[in-house]
Amino acid sequence: RHGAVKNEDTFKTSPFHLDLWFYFTLQNWVLDFGRPIAMIILPLEWFPLNKPSAGDYFHMAYNVITPFLLLKLIERSPKTLPRSMVYVSIIMFVMGASIHLVGDSVNHRLIFSGYQHHLSVRENPIIKNLKPETLIDSFELLYYYDEYLGHSMWYIPFFLILFIYFTGCFTPVAEESRMPAAALLLMGPSSLYYWYLVTEGQIFILYIFTFFAMMALVMHQKRKGLVLDSNGLFLFYSFIITLVLIALWVVWLWNDKILRKKYPGVIYIPEPWAFYTLHMNNLHAAKESF
């Protein structure tokens, strides 16, 4: 029966999934973080502005590979997990990532026309002078699909699947609660990617609630004499390091008045690409002027 926890599952342990965590980290860095970089550095004549960019093809590969890896991760859980919830989450993940693909493709291509990510849609010089003005509403709709609807349908299922997997990462054997050296090496790149995911995706609330749920589960299971296995420790410690990186990022940009204007809410977490178009683009322009 789907979702039922079998008695024999309770005390099963699972070795560290070096292959899956390595593939996750590699494809996250190459296909997600690397896609806007590939779009910028590759010659524009290879990928005209009215055609998909190299980053779009990276995104398409990400949309196929990541759901497959998530399913393989769930399959390796020592505990029988709610399959129906997993399948629905995977479907929503693919839908959200695909919506994001379209919106992100157009938004990043606008960089070549002078679009500045540190400004809102209506404040951008190339947008606010459009005629008729109803075209601006269309760009705001595109931004909504990219940054809000796409991100929500992408990241909520992603973190939900990670948490569902995390619920099965407990063992009564203290010796199993150790990470191999390979896990320690992967923890840095993995945490840094989650920092990028949270800051660029503007999903700090989702991330912090997932982290609090993980902490609560750890404390609850500890009362039963259960501890995290190596996979659970890897995921849990990666989230802790991510929180530290986010805090350092916010402290560093705390007094940036322009970014403060773009992110006026109580939770101030600037996007890395907004920082890039604000500061790094200016730096490149200054170098080219010499």
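Including glycine, each Cβ sits where the backbone N, Cα and C put it.
Marked as transmembrane segment by TrEMBL: 20-42, 57-74, 86-103, 154-174, 203-220, 232-254.
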Most Cβ pairs under 8 Å with the transmembrane segment (57-74), selected from 20-42, 86-103, 154-174: 20-42
Seg_contact(the transmembrane segment (154-174), the transmembrane segment (232-254)) with at least 3 CB pairs under 8 angstroms, min sep 6: yes
Remote residues contacting the transmembrane segment (20-42) - C-beta distance under 8 A, at least 6 residues beyond either end: 53-56, 58-59, 61-62, 65-66, 69, 72-73, 76, 108-109, 111, 182-183, 186, 189-190, 193, 196-197, 231, 234, 273
Chain residues in Cβ proximity to the transmembrane segment (203-220) (below 8 Å; excluding those fewer than six residues from its ends, i.e. six or more beyond): 151, 155-156, 159, 162-163, 166-167, 194, 197, 228, 235-236, 239-240, 242-243, 246, 267, 269
